[in-house]
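Visitor: First the structure, which I've put down as structure tokens, then a few questions once you've had a look.
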2 protein chains.
Amino acid sequence: MPSKPAPTDDEADPRTVAELSEFALIDELTKGRGQGAGVLLGPGDDAALLTAADGRVVASTDVLVESVHFRFDWSTPEQVGRKAAAVNLADLAAMGARPTALLLGIGCPATTRVAVLRELTAGLWREAQLVGAGLAGGDVVTAGQLVITVTALGDLGGHAPVTRTGARPGDVLAVCGRLGWAAAGLAVLGRGFRSPVAVVNAQRWPEPPYGAGPRAAEQGATSMIDVSDGLLADLGHLASASGVSIDVQTARVVIPQRLAEVGSALGADPMRWILTGGEDHCLAATFPEPSAVPEDWTLIGSVGRGAGVTVDGEAYAGPGGWEHWR
Amino acid sequence: MPSKPAPTDDEADPRTVAELSEFALIDELTKGRGQGAGVLLGPGDDAALLTAADGRVVASTDVLVESVHFRFDWSTPEQVGRKAAAVNLADLAAMGARPTALLLGIGCPATTRVAVLRELTAGLWREAQLVGAGLAGGDVVTAGQLVITVTALGDLGGHAPVTRTGARPGDVLAVCGRLGWAAAGLAVLGRGFRSPVAVVNAQRWPEPPYGAGPRAAEQGATSMIDVSDGLLADLGHLASASGVSIDVQTARVVIPQRLAEVGSALGADPMRWILTGGEDHCLAATFPEPSAVPEDWTLIGSVGRGAGVTVDGEAYAGPGGWEHWR
């Protein structure tokens, strides 16, 4: 089942998880790490204790499976850890929340090297620390295949959550963060190439614009979603939840020079990556008027009456996104 | 890898998870269910929103893997769901917390029947609702084997958490809930029997004394732990974290009639099940004096200076508990 044994930089440590007690393993994965200010009690007890400053807590869970969501012939354990953290932290950002802490569940073969889990959790710590969060607790058990479940907890700072249901006809649509980069990276890796590094790394782990979510909430975003399945697919979820239609205007979508180059080299259309590529975890949100769109967001469309998502006023031909089961 | 295809009562629904969209599947698993009062925003958005009334949140994650933690030739999907919820809810109780909500991560083969996941989540709902909690969110993805990760969130009601570190020499040791029942059930099932039902069911899902945890906290418990690995093993964790020794006095331990009967029938020592059997998820706690022990708890030992766990003043011969990797 595993695509290939996970690589590790630490040749000096040949121990497998089967050779360590549960407590020794937790110590290996957490020693020397600092928790964020929101972690009142970290790993080692029956449960963790976290702050929830405004009397509420935002919570999201995502599962990543080897060979389905990552491959160790494409990514290092550290990159996989960053991705596992990022996809959850992006979900919090899409509600307008700032992260407090992560919890980690790992199922892995007993033959998994301790060094692999240490590098994987190093990636989680690194991504969590970008946003001032910690890794507050978890569980590691035997399984036939590496399965990583991350739960992220966060705080809304007294604001209302920005859900998928609040878009209204007349709103404008804007996005913040990368679109199409992970899809371009997948196309490159799928043909056996390892460069350009910028797009290949975008496939290995996303770089969601974490701070943009809470800022959009403060500036009155009416709805927001994390783009994980592809822009059109996720706008479809937003349109459906809000009971509106959404139109994307491609003339407003900037194609980054790097994606244009990769598209040209591979004979692929970079606009398709931007409209349908998943895994970048940028944010898409609606705002009541153009002046409400924060500076680091790009206005790319509009909200109307009706249902469904169109591109330049028309249905978009071809597959629109990614379905887990198909 | 799977022990056997999961059984399901619903022969009328042959659909597999691969036949449903992600949203249709979430709808199947959540429709008609009520959330607890602590769930402000449930499944269907980027993240859930929960109350955290005292400005903090207690959080615990556990991973259960088919063939490692449960078997479908021994348990129904509903029983597995109850167990997945219970092991986490017991962790919250062991901190003195009352549960608010669960989050669920599932990895499963694309051929898994929708009815199996519906029954599994029905078990989670049932157990969560015993304590007034809901199933606030989750993720379902493809994996080679069924892997269930549950995160439980809870509230301390303004109290300090009861950790593993607070036991002091002179404290008394008490337990609340079943001990040895799951181990007796495992012995019965392992020999191919299906009765007595009471002990077999104790192996299928635990019945932790959820309310006893917060009540012990209110009555001044100095330390507390959820007995998942076996009484002596978990007391070892508590003794080590607190820097104390603990002695269990077997004369104070009541052997339930049913365990005595099963032990007699199988030629096994029921006291060994009680001292070393895991998976019952009863609670063990220390109190500053016998009068502080709540009525539904049983005083079974004492805390002293030094280190380690003894039984009637002596080291206990034989394996002490369960190690995940061995």
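Positions of Cβ are set from backbone N, Cα and C atoms, glycine also.
TrEMBL does not curate its annotations; it predicts them automatically.
Quick paste from TrEMBL:
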BINDING   B:ASP46, B:SER60, B:ASP91  Mg(2+) 4 binding site
BINDING   B:ASP46, B:ASP91, B:ASP226  Mg(2+) 3 binding site
BINDING   B:THR61, B:ASP62, B:ASP139  Mg(2+) 1 binding site
BINDING   B:ASP62, B:ASP91  Mg(2+) 2 binding site
BINDING   B:HIS69, B:GLU279, B:TRP322  substrate binding site
BINDING   B:GLY138, B:ASP139, B:ARG164, B:SER228  ATP binding site
BINDING   B:ASP229  Mg(2+) 5 binding site
DOMAIN    B:44-154  domain 'PurM-like N-terminal'
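Are these features on the surface or tucked inside, and what touches them?
Guide: DSSP classifies B:ASP46 (Mg(2+) 4 binding site) as coil under the three-state reduction. Long-range neighbours of B:ASP46 (Mg(2+) 4 binding site) (same chain, six or more residues apart, CB within less than 8 Å of its CB): none.
Using a 10 Å radius centred on the Cβ of B:ASP226 (Mg(2+) 3 binding site) and all shown protein chains, the other Cβ atoms total 27.
B:ASP62 (Mg(2+) 1 binding site) carries a strand DSSP state (E or B).
The Cβ of B:ASP91 (Mg(2+) 4 binding site) lies under 8 Å from the Cβ of B:SER60, B:ASP62, B:ALA152, B:ASP226, each on the same chain and at least six residues away in sequence.
DSSP assigns B:GLU279 (substrate binding site) to coil in the three-state reduction, placing it in neither a helix nor a strand.
Note: B:GLY138 (ATP binding site) has non-local neighbours B:ILE26, B:LEU29, B:PRO43, B:LEU103, B:LEU104, B:GLY105, B:ILE106, i.e. same-chain residues 6+ apart with C-beta under 8 A of its own C-beta.
Just so you know, the Cβ of B:ASP229 (Mg(2+) 5 binding site) picks up 22 other Cβ atoms within 10 Å once every protein chain is counted. Mapped onto three states, the DSSP output places B:ASP229 (Mg(2+) 5 binding site) in coil.
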Visitor: For B:ASP91 (Mg(2+) 4 binding site), what is the secondary structure state per DSSP, taken as helix, strand or coil?
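Guide: SS state of B:ASP91 (Mg(2+) 4 binding site) = helix.
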Visitor: In the predicted model, what is the mean pLDDT computed over the domain 'PurM-like N-terminal' (B:44-154)?
Guide: 96
Visitor: Using only C-alpha positions, which one of B:THR61, B:HIS69, B:ASP139, B:ASP229, B:GLU279 is spatially nearest B:ARG164 (ATP binding site)? These are the binding-site residues in the record.
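Guide: Result for B:ARG164 (ATP binding site): the nearest of the binding-site residues is B:ASP229.
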Visitor: Under a three-state reading of DSSP, tell me whether B:GLY138 (ATP binding site) is helix, strand or coil.
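Guide: Once the DSSP labels are grouped into three classes, B:GLY138 (ATP binding site) ends up as strand.
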Visitor: Taking B:GLU279 (substrate binding site) as the reference, which of B:THR61, B:ASP139, B:SER228 (the binding-site residues) have a CA within 10 A of its CA?
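Guide: Matched binding-site residues: B:SER228, sequence order.
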Visitor: In whole Å, how far is B:THR61 (Mg(2+) 1 binding site) from B:SER228 (ATP binding site) when you measure between their Cα atoms?
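Guide: One finds 14 Å between the Cα atoms of these residues.
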